Protein chains: 2
Amino acid sequence: MNFKQLQKDINIQFKNEDLLKQAFMHTSYVNEHREQQLEDNERLEFLGDAVLELAVSQYLYREYKHMSEGELTKFRANIVCEPSLEKFAKDLNLNEFLLLGKGEEKSGGRERPSLLADAYEALIGAIYLDQGFDQVITFLSDFMYPKIEPGAFSHAMDYKTQLQELVQQDGKQVQYKIVDEIGPAHNRKFVADVFVGSEKKGKGTGRTKKEAEQEAAQKALKGM
Amino acid sequence: MNFKQLQKDINIQFKNEDLLKQAFMHTSYVNEHREQQLEDNERLEFLGDAVLELAVSQYLYREYKHMSEGELTKFRANIVCEPSLEKFAKDLNLNEFLLLGKGEEKSGGRERPSLLADAYEALIGAIYLDQGFDQVITFLSDFMYPKIEPGAFSHAMDYKTQLQELVQQDGKQVQYKIVDEIGPAHNRKFVADVFVGSEKKGKGTGRTKKEAEQEAAQKALKGM
């Protein structure tokens with residue numbers, strides 16, 4: 001566990017490194033080291049969850065100006081949820097840093113999605129306390145927001161339907177064109193353009209035509 | 001509807017007064033004034049809800065250092081919920097400012113708890129966008145946090161039980177003493193002291209002995 005290296009990896013130098021360490025401290029570890037009077041990461045997780053909700057909310061509020069409150073809420077729920085947070089945590093190899101009790105370690109706690117998601121939220125809480133909200137935004141801009149962009153959540157969000165509904169209000173039509181195919185047959189990528197009326201509004205790529213169109217629709221929505 | 005007066009009442013001068021107005025704009029009003037291309041308050045409510053969650057979370061995190069994540073979560077849910085937000089909204093007479101369609105007005109929308117709670121969250125969102133997070137904290141410090149303090153949520157939080165549980169870990173005993181009664185019989189207030197071991201840890205007042213003891217326990221918890 002090299003917390004110096006972690007700080008380099010995430011571009012943050014903690015004033016209070018104990019706070020960083022606490023973010024990874026599972027209650028099972030604290031219970032096995034009672035003499036050290038440690039505090040587990042649960043309260044940090046409580047705080048970090050709220051920090052993350054706001055950071056993601058304001059990002060979506062600003063980036064997706066056309067989205068209704070209901071759509072924003074659904075989108076946010078798909079980002080601030082265990083499977084997504086586990087993924088963000090694994091991308092940073094946070095599982096290596098978890099401080100677990102022996103029993104928890106043996107039973108596979110290090111790979112448990114809930115522990116990883118909790119640690120991610122606790123880390124956000126620790127950054128917030130030690131560095132402030134702006135640094136959280138910088139962290140998320142480096143390591144999370146870009147993963148929201150390229151259709152990573154398109155399983156949850158049907159952008160084509162959204163674009164269709166938005167455009168109907170103005171009595172216009174949406175059209176998609178596959179304008180290119182890239183790469184060899186076994187690793188083909190498609191490129192789609194989307195037109196609203198006669199105007200080109202977005203371009204997307206994907207491993208299927210539908211994926212490419214979804215991304216194009218998402219880009220169009222962001223520009224409207 | 002005097003939005004100038006409202007700004008005086010809440011000690012905030014908006015840079016963009018349209019944003020303030022939008023916080024009170026119910027979708028029924030927007031639907032009746034389509035020619036004006038207004039935006040209702042729902043997206044602001046989405047954002048404001050997240051701002052409020054963080055503001056309340058960090059307040060509780062800092063003020064109640066002994067509380068577990070589970071207790072903090074329960075406490076927060078009792079503050080950021082429709083009945084509480086309705087109360088905070090009414091304390092500021094926000095119902096006067098709601099912009100409603102005619103049907104909504106006739107059917108009593110102005111007194112509907114959900115509309116008031118939504119407007120309160122939207123107002124928080126508007127303050128956040130126009131003024132930033134620190135101004136939200138100032139606003140809540142003026143108009144909300146003080147109402148969290150004096151046992152307003154004691155129906156939900158059993159502080160005596162919490163104190164008992166905390167103190168038991170150290171093998172100490174909790175004792176309450178009613179040390180004063182204030183006011184005439186029909187408007188009597190009780191004053192309770194709480195002792196942990198031999199040390200006085202808190203003083204509380206309330207309209208019943210139990211209320212006074214609950215407040216004393218809460219004060220003791222805050223100091224521990």
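Backbone N, Cα and C define each Cβ position, glycine as well.
Keep in mind that TrEMBL annotations are predicted by a computer and have not been checked by a curator.
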Which of A:Glu42, A:Glu45, A:Glu53, A:Glu199 does TrEMBL put in the same Mg(2+) site as A:Asp118, A:Glu121?
A:Glu45
Distance [Cα-Cα, Å, rounded] between A:Asp118 (Mg(2+) binding site) and A:Asp49 (active site):
9
Name the binding-site residues, out of A:Glu45, A:Asp118, A:Glu121, that lie close to chain B, meaning a Cβ-Cβ distance under 8 Å, keeping sequence order and answering 'none' if none do.
A:Glu45
For the domain 'RNase III' (A:3-132), report the average pLDDT of the model, please.
94
Env. residues of Mg(2+) site, Cβ within 8 Å of mean position of A:Glu45, A:Asp118, A:Glu121 Cβ:
A:Asn41, A:Glu42, A:Leu44, A:Phe46, A:Gly48, A:Asp49, A:Ala117, A:Ala119, A:Tyr120, A:Ala122, A:Gly125
Validating a neighbour-count step here. Other CB atoms within 10 A of the CB of A:Glu121 (Mg(2+) binding site): how many?
25
